[in-house]
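Everything below concerns the one structure shown next.
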């Protein structure tokens with residue numbers, strides 16, 4: 001299982017947490033493979049004559065032999081070995097087992113492992129966070145991330161009851177075992193029937209603030225507000241919603257942000273661009289002040305961005321940024337879920353990411369590799385079909401999804417290159433949504 005939401009990585013070593021962001025070619029996990037797994041001969045191994053050598057697996061069960069473990073793993077590819085021998089506590093919960101396994105992995109040098117948080121009863125807490133990436137997200141009772149719930153530099157609001165209205169994303173509105181309700185992501189405020197989910201604190205704050213100023217019109221969320229304005233907005237929001245753990249920006253003279261920002265209730269701190277407040281990927285720390293540049297600013301490359309003023313056909317005015325933000329957030333959550341679903345002891349490893357890449361760039365590289373099934377370095381017409389379905393399902397407003405692939409195809413050659421995908425998703429070298 002795995003995470004998503006709060007701040008981000010610092011050193012190249014810590015970047016290894018995103019080793020799994022971009023699956024190695026030739027190691028793709030597909031739905032059909034799981035569907036036919038029961039017909040695999042390994043799934044029906046006869047283990048009665050094998051020598052008993054107990055194995056404790058990640059599902060909390062003790063398997064009497066490697067044969068029995070392989071048979072179970074055939075049916076559940078995410079299954080991993082915790083240790084040789086029987087599980088010490090046969091009644092230990094899945095969360096506690098995964099936590100123990102992760103803590104063991106974390107002892108290895110250069111490993112930035114996600115360690116799940118468990119409740120007193122051994123169940124997964126509704127909110128899970130990754131210390132090094134700074135992402136937090138909502139999970140189901142069995143620890144699976146809820147699509148679209150990942151956020152950064154803020155704790156997500158996860159409801160503990162099943163909503164009457166089924167959610168459009170995944171199965172997050174369904175009971176898992178008939179006894180525990182599946183938590184859902186509360187995305188408030190909701191405007192014009194569209195959920196607003198954003199991967200960054202500043203986008204969400206701008207949308208919330210604009211909605212309060214004008215209930216019928218959301219202003220252009222690309223506008224950058226001064227730190228003083230953001231601070232005042234956050235203070236007002238915190239006063240109205242004291243239990244939501246709002247981040248209150250710390251300001252410097254002239255409307256700038258202080259280079260270090262912290263979230264008091266979680267203990268996380270991170271570096272920001274002093275002119276926009278944008279968190280810098282890779283700088284998140286907990287209970288320790290990060291070392292930040294005193295005058296890091298956004299680079300003015302917008303004039304060279306061909307997508308900046310490019311019209312997205314059919315998308316309501318002022319909604320393009322909101323649409324792209326929600327799409328990138330969904331991709332980030334799904335990437336994290338892909339990392340979680342990879343068996344720790346499995347043979348397939350994800351390729352190591354470029355240390356110079358921002359998190360947003362890694363998300364785009366990861367998704368591009370998923371789509372580029374023939375490794376041609378572009379997304380052709382056939383490969384574009386799942387992309388279209390994904391955009392239509394995950395991103396909002398829906399009207400913006402209809403012509404999005406045409407919008408991405410900048411040179412109109414009927415294929416989408418990696419630079420084009422980066423551009424239409426608003427990901428610059430600095431990792432900002434441009």
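A Cβ is built for glycine as well, from the same backbone N, Cα and C atoms used for every other residue.
Your range for region 'Disordered', going by Swiss-Prot and the list 106-148, 149-191, 192-234, is 149-191.
Non-local contacts of residue 251 (disulfide bond) by the CB criterion (under 8 A, 6+ apart in sequence, same chain) comprise 227, 228, 231, 257, 258. Counting other Cβ atoms within 10 Å of each Cβ, the disulfide-bonded residues 227, 262, 292 show the lowest value at 292. For residue 138 (disulfide bond) paired with residue 411 (Ca(2+) 2 binding site), the C-alpha to C-alpha distance reads 39 Å. In this view, the densest Cβ surroundings among the disulfide-bonded residues 67, 87, 118, 129, 269 belong to 129, judged by other Cβ atoms lying within 10 Å.
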